[in-house]
Amino acid sequence: MATHPLDFKPRWYRSTMFNAFVIGLVGFCAPGLWNAMSSLGAGGQQSPYLVNAANALVFALMGFFCLFGSVASSKIGLKWSLVIGTIGFPVYSAGLYLNNRYGVEWLVLLGAALCGISAGLFWNTEGAIALGYSRPEKRGKYLNIWLIFRTLGPLVGGAIVLALNHSEAEKASGKVGYNTYLIFVALQCLGPLIALFLTPPEKVERADGSKVKILKAGSFWEEVRGVLDASKKKHVLMLLPLFWAAYFNQYSGNFQVYYFGVRARALSAFVGNFASIMASTAMSALLDWKRFSVKSRITFGFYVAVVLHIVAWVYGWVIQEKYTANPPMLDWESPGYVEGFFVMILWGVAYQALANWMYYLVSTMTGNITELNRLTGILRGQESFSQAVAFGLNTRKWYGGRVPLAVNTVLLVLAVFPTWLVVRQHEPITKDDTDNDTLTSSTTSTVEEKIAAADLEKALT
């Protein structure tokens, strides 16, 4: 058994905290700022349909590359997967700039394709890094650092958009000024440079002297089989409805375009992220609360997420029906602005709390970063497929928004029972698989398959 010196002091540039800030800053520059544009509704455009079609392409490609991104990262390493994964974001933003200023459409679609491919690698990799570099008992803390930085992207992006789009001329519906996109492109170009500072997992130095647990890379087809085997595990299959339902609400962008002017959308995007950060922090604090067992925290977090979604979606339906009957165009000075704004607040809070909870749950299903890379890739892949379908569904107006809302509501309802079964029988892994620095893929797979089979048998009895 390996021993770890009590007086070990990690070098700052190899520490888990330094790497948490690296992955956080990269998340800020890449998906964070991408989300900032998305939170404006339709990427800040006047009509949502071209951008929704482009986003459907982004997430369709992203889903595939998320799912099998662990195969690539096992060959080129997590660091270079992260670097490559940031390249497509500024190209997509450049496409939005040209479309906004000159009406050019081809770069929007090309940028969407490049973004989907690179972001698939990024989304697969960042979750494994954020959750796998730290010790299991500190994952809630590092999860929160990662997700707060990603939320800061929309927050800072919203501040930029609000500063450039707050005049009287932006009261009505329309699109944001083209200068907005130039700032986003410049900031997103920093992503690959920051990613170069990431420490490879085998060189990470934890405060207690322990090492990040890594599976020895097999052949290409062995890695593909590893992903497919992980995808077929019963607890993963039972969580698929949740992975889809959690990220299906792309109608929120259309909701803003339909009913809010440009500067009202900018204000909503800016202020709404404060609520998301608070939701992320609160859920992460709950999941790291040492007074209760990990099992109890996961169970309580599940019920909190369910209650938040019930409140958010009941309120969302009430306001949507009101707007469908009498469609408004709201500015922040309009009397009805606050009630519409709270739809976005509640959707954002419910989503952020559930996202934190899901990643924490997945992180307790394994004790090594290679298997965690596969599991987060599956989660991200299904999330991406879900968003591809959701954006495709929102390329047209369906009965005043009722159809996408109904589909999302049904998915959420269907996800509750199988997720509850998984939570009920889940036995969290709260320490690394072994004190050996590397493990073999076959050993881990066999043990986890036995655990999953036993869990399902208990759940159904």
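Placement of Cβ uses the backbone N, Cα and C atoms for every residue, glycine included.
Long-range contacts of the transmembrane segment (12-37) within the same chain: residues 43-44, 82, 85-86, 89, 92-93, 96, 115, 119, 122-123, 126, 129-130, 133-135, 138, 142, 145-146, 148-158, 160-161, 181, 184, 187-188, 190-191, 194-195, 197-199, 203-207, 269, each at least 6 residues beyond the stretch ends and with a Cβ under 8 Å from a Cβ of the stretch. Residues or ranges marked as transmembrane segment in TrEMBL: 12-37 (among others).
Look at TrEMBL and you will find 49-68 (among others) tagged as transmembrane segment.
Residues or ranges marked as transmembrane segment in TrEMBL: 80-98 (among others).
Look at TrEMBL and you will find 104-123 (among others) tagged as transmembrane segment. Distant neighbours of the transmembrane segment (104-123): 30-31, 34, 50-51, 53-55, 57-67, 69, 72-73, 81-82, 84-89, 91-96, 98, 377, 380-381, 383-384; these residues of the same chain sit at least 6 beyond its ends, with a Cβ under 8 Å from one of its Cβ atoms.
Sequence-distant contacts of the transmembrane segment (143-164) (same chain, six or more residues past either end, CB-CB distance under 8 Å): 20-21, 23-25, 27-29, 31-37, 39-40, 44, 126, 130-131, 176-177, 179-180, 183-184, 263, 266-267, 269-274, 276-277, 280-281, 284-285, 287-288, 352, 355-356, 359-360, 363. Per TrEMBL, the feature transmembrane segment maps to 143-164 (among others).
The transmembrane segment annotation in TrEMBL covers 176-198 (among others). With a cut-off of 8 Å between Cβ atoms, the residues of this chain six or more beyond the transmembrane segment (176-198) that come close are 13, 19, 22-23, 25-26, 29-30, 33-34, 36-37, 40, 44, 78-79, 82-83, 85-87, 89-90, 93-94, 96-97, 100-101, 129, 157, 160-161, 164-165, 262, 266.
Among the features that TrEMBL reports, transmembrane segment is placed at 235-252 (among others). Same-chain residues lying 6+ beyond the ends of the transmembrane segment (235-252) with a Cβ under 8 Å from its Cβ atoms: 41, 52, 55, 344, 347, 351, 354-355, 358, 365, 375, 378-379, 382-383, 385-387, 389-391, 393-394, 401, 404-405, 407-408, 411-412, 414-415, 418-419, 421-422, 426, 452, 455-456.
Residues or ranges marked as transmembrane segment in TrEMBL: 264-287 (among others).
Listed as Cβ neighbours of the transmembrane segment (299-320) (distance under 8 Å, sequence separation of 6 or more from its ends, same chain) are residues 255, 279, 283, 286-287, 292, 339-340, 342-343, 346-347, 349-350, 353-354, 357, 360, 400-402, 405, 408-409, 412, 416, 419-420, 423-424. Taken from TrEMBL, the feature transmembrane segment applies to 299-320 (among others).
Here TrEMBL flags 340-362 (among others) as transmembrane segment.
Look at TrEMBL and you will find 405-423 (among others) tagged as transmembrane segment.
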For the transmembrane segment (405-423), what are the same-chain contacts with Cβ under 8 Å, counting residues 6+ beyond its ends?
235, 238-239, 241-242, 244-246, 248-249, 251, 298-299, 302, 306, 309, 313, 316-317, 320, 361, 390, 393, 455, 459-460
Long-range Cβ contacts under 8 Å made by the transmembrane segment (264-287), restricted to residues 6 or more beyond its ends, are 36, 39-41, 44, 139-141, 143-144, 147-148, 151-152, 154-155, 157-159, 161-162, 165-166, 170-171, 176, 256-257, 297-298, 300-301, 304-305, 308, 330-332, 334, 337, 341, 344-345, 348-353, 355-357, 360
